[in-house]
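Copied over from TrEMBL:
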type   : residues : note
SIGNAL : 1-21     : signal peptide
DOMAIN : 50-144   : domain 'Cytochrome c'
REGION : 76-95    : region 'Disordered'
């Protein structure tokens with residue numbers, strides 16, 4: 001009986017493993033990141049590549065909103081764990097997980113990526129995100 005249980009657990013693990021696999025980076029995302037990298041290199045010739053640790057700083061860093069007098073960060077709406085669903089702090093609208101491992105729709109369309117960077121950077125930072133912030137942020141999310 002014990003041997004059957006071990007065999008069952010062994011083969012069951014193969015059904016679970018794909019859920020923990022790295023999130024795929026499609027061709028469009030790779031192209032988008034390549035363009036961001038070229039732009040970052042143009043802006044700063046010493047640019048060596050995007051860095052997930054800087055992206056983590058972008059994700060967690062709080063900014064004091066000038067008009068609302070409240071602190072905001074990516075975590076304000078997306079929670080400390082990007083693999084969990086969340087809701088927008090102001091509107092209460094449900095937000096699907098940010099993590100592409102959990103939500104395979106994330107970071108697959110460069111137009112949507114830019115749309116959400118534009119909207120969310122303005123809401124959080126009151127300015128557009130820099131090229132470096134965008135690339136670092138994506139690398140951080142994909143490193144989880």
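Every residue, even glycine, has its Cβ placed from backbone N, Cα and C.
Confidence across the domain 'Cytochrome c' (50-144), taken as the mean pLDDT and rounded to a whole number, stands at 94. Counting residue by residue with DSSP, the domain 'Cytochrome c' (50-144) contains 43 helix, 8 strand, 44 coil.
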